[in-house]
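Scroll down for the structure; my scribbles are underneath it.
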């Protein structure tokens, strides 16, 4: 990914998000110490590095959806695509828009900002790590997989780069209604807002709690495993 014997250069770009993804990256140093200290160089980030001009980088982690009324964000997004070898939609706001997609404007302190979309609607995205926020463990594993060129581990994240809409309803329409649900409960355990409960071995959605992050669908093993792999794992 980078020149031989050189640390991969990583940049962090913050758009329309709550900074929760950055906190997951920087405030879990006990988990990420080896990664952040010895394995990569953080070369850009508004709150991480004292640097005004965006440099060339191997990987850009983008937090937050992009506001179509914010010219600075639109320019920054275009620039990072030109300067980064790989772009990662980091967190659900960047990957799927999360609840920011449903903004109608009028909010303080930027009432004119009313249209928010996932970054893949505007630029090519190489991989996505959803979550609100992503766990520090998955951050570390994803970056290490990139360093080791472990494409098998990264394949679901590569596939998710083109999946820009998400809702707990996806479990019903794409898993349960297709006869694929095994009742494992992984989706309910993954939901960070407790919008999902398991009832009679099937997920039941409380739409008032759902923030459209998509992590429940992503964590469901039936959402991305090919049929041949499912049969192999189950011995069928």
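Cβ coordinates are placed from backbone N, Cα and C, and glycine is handled just like the others.
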Site co-member for [4Fe-4S] cluster 1 according to Swiss-Prot, given 181, 184, 187, out of 98, 132, 220: 220
Same-site [4Fe-4S] cluster 2 binder from 93, 191, given that Swiss-Prot records 210, 213, 216: 191
Mean predicted confidence [pLDDT] for the domain '4Fe-4S ferredoxin-type 1' (172-200): 90
Inter-residue Cα distance where the pair is residue 216 ([4Fe-4S] cluster 2 binding site) and residue 181 ([4Fe-4S] cluster 1 binding site), in Å: 13
Conformational class of residue 184 ([4Fe-4S] cluster 1 binding site) under the three-state DSSP mapping: coil
Among 187, 210, 220 [binding-site residues], residue with fewest other Cβ within 10 Å: 210
Nearest-integer angstrom distance between the alpha carbons (Cα) of residue 216 ([4Fe-4S] cluster 2 binding site) and residue 187 ([4Fe-4S] cluster 1 binding site): 4
